[in-house]
Amino acid sequence: MSSNSQAFQAIKGTYDILPADAPTVLAVREAFAAPLRRAGYGYIETPVFEDINLFSRGVGESTDIVTKEMFAFTTLGGERIALRPEGTASVLRATLEANLHRVGNLPVKLWYSGSQYRYEKPQKGRYRQFWQVGAEAIGAEDPALDAELIILADDAYRSLGLRNFRILLNSLGDRECRPVYRAALQDFLRGLDLDEDTRRRAEINPLRVLDDKRPDVQAQLVGAPMLVDYLCEGCKAYHEQVRELLTAAGVAFEDDPKLVRGLDYYTRTTFEFVHDGLGSQSAVGGGGRYDGLSEMIGGPALPSVGWALGVDRTVLALEAEGITLDAPATTDVFAVPLGEQARRVLFGTVTQLRREGVSADIVYGGKGIKAAMKAADRSGARWAIVAGDRDLAEGNVQLKDLSTGDQTPVALDVLVTTLKEKLQ
Ligand code: AMP
């Protein structure tokens, strides 16, 4: 190694999922996925990067995600691409490209699981690479779909044992009523004392100003016109049906007239799952209806609804509620060969055990007996197979119960069946 070599570290805002934490992460992803599979959602994977315009058009030119947080770059071939900041635009692009909306029934129900990238200011619960499991129901306008997705997310969180979360619900209106509201809100915002950035945002996407977390802005927003008072009859009736379906399913929610969320494409139903043990990064999942997105990215009218649940923050929510999920299966059997001949034989035994579904491991690197027995203890295995060349010459190995220390000789030719019986 050269003298100026330095150990590498994970890039700011990223972290490694190590084996000790991996079972929880995998269990969270599985808990999100299981209800979706049962409800007829098909799994889809899209590339981690896309044409940057897909996101600027789809997610929205005025969102922080696009203007400030995109991991964008030019490839060696001169293409402008970006790491995906969210999943919906990509899934819809893939649906249109593969004509999924033409070949089967509508809605096309899809789910995905993967990493997302946003150049945010890192803190606990907010990373530059994070994981989401998402679901999209594409090409149908039906309050039952909006309700279904909220119920499935609720089921997913509950199946993990989480209880201290709330569902916030709102309607953002449609192309009929939202423009009227937008104009009224803009009129109101123009009369306020706002910084230049915020004034510009008020012109491009005034609803986002409602989402501003700064107290001085929030203070000025008291008395702002509220979208609920502007919803057209169609939106009102639709929203009422979503609410009724949720109530009938026993899913509690809170009406939150200020909920707008950070992406431009939402229409009508929007919702967020917030956990009360997470401090400022409290949103563990969210989504809503996006009836206009398909047309924004060059497709036909395909009213759709979807959500994305945050894996990283759900893991933190489990910690906050003191929930530990079932410990992962560890090694059942650990082999300790004492000698060259024994090593060859036990390596074969371990291979056979693995092929027959028993988790087995062996000591590596020519350790002495003391270090080898320590490795066996550390592995968490229930049984150790200890054998020297002399045992093997007699056709035997020693089978040691690592929890009691008892040791008995077992004939090599019945070892695998004996272990399988003991482990049942
Ligand atoms: P969004 O795509 O912004 O609607 O986010 C959906 C969910 O993804 C949020 O509720 C969070 O749980 C999670 N999420 C969003 N941004 C981040 C981030 N930077 N770090 C960790 N989780 C995130």
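Residue positions begin at 1 at the first shown residue.
Any Cβ shown, glycine's included, is placed from N, Cα and C.
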According to TrEMBL, E86, G87, T88, Q132, E136, R261, Y265, Y266 bind L-histidine; so which of R102, R118, R243 is the extra one listed there?
R118
Of E86, T88, Q132, Y266, listed as binding-site residues, which ones have a Cβ less than 6 Å away from ligand 1?
E86, Q132
For the domain 'Aminoacyl-transfer RNA synthetases class-II family profile' (27-328), what's the mean pLDDT in this predicted model?
93
Given the L-histidine binding site residues E86, G87, T88, R118, Q132, E136, R261, Y265, Y266 in the record, what is the largest Cα to Cα distance, rounded to whole Å?
21
Assigned element (helix, strand, coil) containing T88 (L-histidine binding site), judged by DSSP:
helix
